[in-house]
Amino acid sequence: MCEKSDNHFGQAGQMKSSDGNFDQVEISECRDTIVVAACSTRLYRRRWLIVFLFSSYSLCNAFQWIQYGIINNIFMKFYNVSSFAIDWLSMIYMLTYIPFIFPVTWLLERKGLRVIALFAASINCVGTWIKVASVQPNLFWVTMLGQFACSFAQVFILGMPSQVASVWFGSDEVSTACAIGVFGNQLGIAIGFLIPPVLVPNVDDINELAQHISFMFYITAAVASLIFLLVVFVFQEKPEIPPSLAQVALRHMPTAQYSYLASISRLFRNKPFILLLISYGLNVGCFYAVSTLLNRMIIEHYPGEEVNAGRIGLTLVIAGVVGSLLCGIWLDKTKSYKETTLSVYLLSFVGMVIYAFTLNLGHLWVVFLTSGLLGFFMTGYLPLGFEFAVELTYPESEGTSSGLLNCSAQIFGIAFTIIQGKIINHFSTLAGNIFLCVFLLIGSIMTGRSSSHDKHFMIIRSILHFNFVCIVLLSPKITTS
């Protein structure tokens, strides 16, 4: 009924908005004059500024998630704590998300994008300055407090990519815009892998080490402060005229017709979404575990290679960034949600198997290659999961579905990081990676499962039993303790 029109207003042109600024716009109208006022849509140039600003503060926050873990051994020495304590500086991001995502999602639905963006940027900024004050060996609790503040800011960030995309972009751009939103988070993780090993070398002098750590924390705080100011003065709630017919319908829906709790209830009765919720959590939880424990895995097989461990992490994520963008573009063109999601999931499993069995070959170039392959598909899955959820749950809010997906990922991320860490300590790195491979296979089965539920769960139970047998048989580190 409604389609792009060349009449009356013509092609994309310059039109003046209510605030006196000129924006390049593309105009869609209904040919039916009776509903033209309700169905007019417009795309503003400002949409690109909004999504890139969101990506920027997402980047700054994601950088801090992994900045401790990638130099785990160095922070262990500086604060004189265990590797498990340093792991919690990463896992606090996952733990904080779980209880706070539901009130934050409710706030997003009630107050909109700008309020959430201000909360995220301000809390992230405060956290960075707390960490500046934590650079003393006896102040581990202060650095944990600063990391908690940053992890709380993350709760306001992870559910926003699909929301920003749907509020500001046209229907044929949503997947690409969502991929750009996720891109900021991935790029932040990539920089978090690369920069800390360079800025904080493994030196023996504690005072010199404190200077390096302080320098890194000051840079982070300065960037976070600049981004906060940009959000205050630039970030806009929504365009005056909606970009798509879906947003037109959403704006004309009376507030009383939408209930957040009712929406969650409907989502939990949506069986395809529940399967996606679990399979998404398995995939992203595996990525969180690999990222958090990467330093330990690399240093075990390649001692003294902290800088290369960071570069391997960079390779993992940059390949994923490329995968995310290509998958987003592919979805915009084909709309083949299930087929694409299943294919990428299976290839993530294959990539994890190859990475697991080549990590200990003694050739770093092989690890770089397999990490790139793993990252391309595993991280490339992120925007696919968001968009597939929107497809399965329409007309439910994108913020609600993406919030639940991320909550699932945090739960599995904590569990996988702790369990894989214990397996690595008591058995071997190979056994820990096999553990993740098995759950990626389970996620693949759930993504493209057969109609028989009994057969589905029998297969999963058999795989779990096989996983236990493999860990026992392939572990050279088994002890009698």
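Placed from the backbone N, Cα and C atoms, the Cβ positions cover glycine too.
Feature list (source: TrEMBL):
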type	residues	note
DOMAIN	33-455	domain 'Major facilitator superfamily (MFS) profile'
TRANSMEM	48-68	transmembrane segment
TRANSMEM	88-108	transmembrane segment
TRANSMEM	115-133	transmembrane segment
TRANSMEM	174-195	transmembrane segment
TRANSMEM	215-235	transmembrane segment
TRANSMEM	273-291	transmembrane segment
TRANSMEM	311-330	transmembrane segment
TRANSMEM	342-358	transmembrane segment
TRANSMEM	427-446	transmembrane segment
TRANSMEM	458-478	transmembrane segment
Statement: Counting Cβ pairs closer than 8 Å to the transmembrane segment (174-195), the top stretch among 273-291, 311-330, 427-446 is 311-330
Task: Please figure out which one of 88-108, 115-133, 215-235, 342-358 racks up the most CB pairs under 8 Å against the transmembrane segment (48-68).
output: 215-235
Field: Stretch of maximal Cβ-Cβ contact with the transmembrane segment (88-108) [cut-off: under 8 Å; candidates 115-133, 215-235, 311-330]
entry: 115-133
Surrounding residues of the transmembrane segment (311-330) on its own chain - C-beta under 8 Å, 6+ positions past either end: 66, 70, 175-176, 178-180, 182-183, 186-187, 189-194, 290-291, 294, 298, 336, 340, 344, 364, 367-368, 371-384, 387
